[in-house]
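These notes are about the structure you will find just below.
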Ligand code: 2RA
């Protein structure tokens, strides 16, 4: 299969290459795509070396799949051009997520909704993916009415400049400022830009994407906070159900959910932490307990690697779903 990775030199692009290799995705030709300043750079993959090409050239090469992580503007301008030559685009930006004609997919939840007509498929936001991986099985069992979520998002979600700022601050050095305030030793209730309703775009992604993927009747209110953690997003989730639940059943359901690992044993200080979730593909759930202040309501703590299941791994899993559902065919070697 001819696979383009658009934004290949970025943090998510690099993780995409890693995950494609780890999962033995059936690539016969890799087409690494980046901005003009990177054209000609060599990328090692699967025992071969490939040269980075620009977008125009990549479209002419008509890959079977193009996995994008190159920002919304590039996706809006170029995803349709790839689709026109028959490429299936899986886009990690927010550009297409709320487009009513585009599918927004977490393979374990709604991967089977994809059809051969879907030429541009949107990857949800990282914080949405991990939250819904934990909530989807519980919604089926008890019917979710409302979610109150606070996120503790790693600095890698902002980008390499923010990671550099934090590391410089930690080393007592000055350098490029990605944020107007210090990141290290600080918490910033400011992920993405502010909207007229007082929320940030990041917070409204949790609301809007939950409604699109899981159920339009679910009410979500979010507070997204940037914390001085290099990798891995954490979330404190309070969820109110239509019906009562049994804690043992909740734990059993989550334990049995593919892609979710239960880490919930307070007596042994066992709970999810971003430092230990980094580099892994599962969503880790713990601190499960009844909200004693309100009927039919549960608290939980959820952690995942925002560059893996929150972005690259979910995108690669969508591509694998296309093969499993015979939407993409693998040419025999
Ligand atoms: C963040 N969700 O963590 C975004 C990543 N693009 O800022």
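Glycine is no exception: its Cβ is also placed from the backbone N, Cα and C atoms.
Not measured: the values here are computed from a predicted model.
Binding site for NADP(+) per TrEMBL: 9, 10, 11, 12, 37, 38, 156, 157, plus 306 from the candidate set 306, 314, 325, 326. In terms of DSSP helix, strand and coil, the domain 'Semialdehyde dehydrogenase NAD-binding' (2-117) has 41 helix, 29 strand, 46 coil. On the 0 to 100 pLDDT scale, the model's mean across the domain 'Semialdehyde dehydrogenase NAD-binding' (2-117) is 97. For ligand 1, the nearby recorded positions are 126, 153; that is, of 126, 153, 226, these have a C-beta under 6 Å from one of its atoms. Cα of residue 126 (active site, acyl-thioester intermediate) to Cα of residue 11 (NADP(+) binding site): a distance of 14 Å.
Classification of residue 306 (NADP(+) binding site) by DSSP places it in coil, neither helical nor stranded.
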